[in-house]
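According to TrEMBL:
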- 1-27: region 'Disordered' (REGION)
- Cys16, Cys30, Cys33, Cys39: [4Fe-4S] cluster binding site (BINDING)
- Gly69, Lys70, Gly71, Gly72, Val73, Gly74, Lys75, Ser76: ATP binding site (BINDING)
Amino acid sequence: MENRNYDIPENANEHCPGPQSEEAGKADSCAGCPNQQICATAPKGPDPDLVTIAERMATIKHKILILSGKGGVGKSTFSAQLSFALAELENQVGLLDIDICGPSIPKMMGLEGHDIHQSNLGWSPVYVESNLGIMSIGFMLPHPDEAVIWRGPRKNGLIKQFVKDVNWGELDYLVVDAPPGTSDEHISIVQFLQATGIDGAIIVTTPQQVSLIDVRKEISFCKKVGIRVIGVVENMSGLRQPISDMRFLKSNETGDEDDVTEWALSYIRSNAPELLSVISCSEVFDATGGGAAKMCMEMGVPFLGKVPMDPQLCRAAEEGRSCFTDQKCTVSAPALKKIIQNLVSSFE
């Protein structure tokens with residue numbers, strides 16, 4: 001699908017402030033840009049598209065950004081399951097994927113291979129259910145392995161299209177899944193939505209310090225741009241799974257491993273059947289520094305709760321389904337449900 005150019009030329013330097021900015025043609029990022037002189041002398045003024053965006057967003061009650069300091073912490077999994085849960089509570093929900101270079105939401109929502117359709121009202125989201133619509137660049141790629149190699153200005157133009165041209169209709173919640181970090185995409189979505197009212201951001205992390213260091217930067221970003229931090233979710237907070245779901249291995253004389261799962265489970269069933277209902281726990285990441293809860297106390301932001309690492313939740317994400325519709329995600333679904341119920345209550 002064609003990407004229109006808005007304001008920022010495609011041949012602009014990365015981190016271009018935009019022709020309408022007071023810094024246009026003067027910022028450090030403008031050095032060497034072929035448009036530098038034109039931008040420096042061009043008349044300045046508000047972006048006229050912001051009015052159209054405000055009109056489009058006026059039918060959406062709540063807008064929530066899902067952020068993370070690092071990649072690989074389960075941010076998109078949380079965004080997907082949050083959207084499933086909100087829809088199952090009979091809300092009208094939209095999930096907007098602005099991770100332009102790594103769109104994983106179509107896969108996690110079971111929508112790979114779908115295309116976006118256009119009408120006289122704008123782009124139509126791809127629907128999982130009648131009350132759950134999805135928008136992502138993943139629907140525009142000719143092949144799922146296609147790489148998106150775009151500079152900031154082109155990314156910004158597409159994000160503007162997502163909020164200006166998508167016909168979301170009336171929504172109770174718009175969940176925005178952003179890429180890791182604090183880059184062009186984050187600045188753009190805040191710029192385009194701030195005037196329409198953003199409820200705030202949920203930040204997803206894992207317990208170890210290497211992730212929390214970057215979460216602190218994410219919180220600082222939110223404070224600088226005036227976005228409320230709704231709270232922090234500690235994902236992958238230890239591995240939890242029923243013993244009945246575990247595999248058992250035994251080293252043999254050659255140094256290889258034999259799968260003895262059937263023998264082990266049969267032995268447990270015969271000699272200690274009560275163990276089959278026991279949940280095994282293992283701390284995968286080092287949380288001796290206090291994890292996200294301690295960091296939230298230090299930074300003065302709410303801590304929303306912990307979600308354990310659950311192989312069944314990983315399978316649900318791979319299969320593009322909700323973890324709440326069956327009894328397989330026995331350790332992660334209750335933790336997610338508690339966080340989401342508290343979140344919904346805070347909006348009532």
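For all residues, glycine too, the Cβ spot is worked out from N, Cα and C.
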> Nearest to Gly71 (ATP binding site) by Cα distance: which of the binding-site residues Cys16, Cys30, Cys39 is it?
Replying inline: Cys16
>> Spatially, which candidate from the binding-site residues Cys16, Cys30, Cys33 is nearest to Val73 (ATP binding site), comparing Cα atoms?
In response: Cys16
>> Give me the long-range Cβ neighbours of Lys70 (ATP binding site): same chain, 6+ apart, Cβ under 8 Å, in sequence order.
In response: Pro180, Thr205, Thr206, Val210, Ser211, Asp214
>> Highest Cβ count within 10 Å among the binding-site residues Gly69, Gly72: which residue is it?
In response: Gly69
> In Å, rounded, how far does the Cα of Gly69 (ATP binding site) sit from the Cα of Cys33 ([4Fe-4S] cluster binding site)?
Replying inline: 30
> Which one is it: of the binding-site residues Cys16, Cys30, Cys33, Cys39, whose Cα lies the shortest distance from the Cα of Gly72 (ATP binding site)?
Replying inline: Cys16
> List, in sequence order, the same-chain residues at least six positions removed whose CB sits under 8 Å from that of Cys30 ([4Fe-4S] cluster binding site)?
Replying inline: Asn13, Cys16, Pro17, Glu23, Ala24, Gln36, Cys39, Ala40
> Sorted by position, what residues of the same chain at least six away from Lys75 (ATP binding site) have a C-beta under 8 A from it?
Replying inline: Ile66, Leu67, Ser68, Asp177, Ala178, Pro180, Val204, Asn235
>> Neighbours of the [4Fe-4S] cluster site Cys16, Cys30, Cys33, Cys39: Cβ within 8 Å of the Cβ centroid, same chain, sequence order.
In response: Ala12, Asn13, Pro17, Pro19, Ala24, Gly25, Ala27, Ser29, Asn35, Gln36
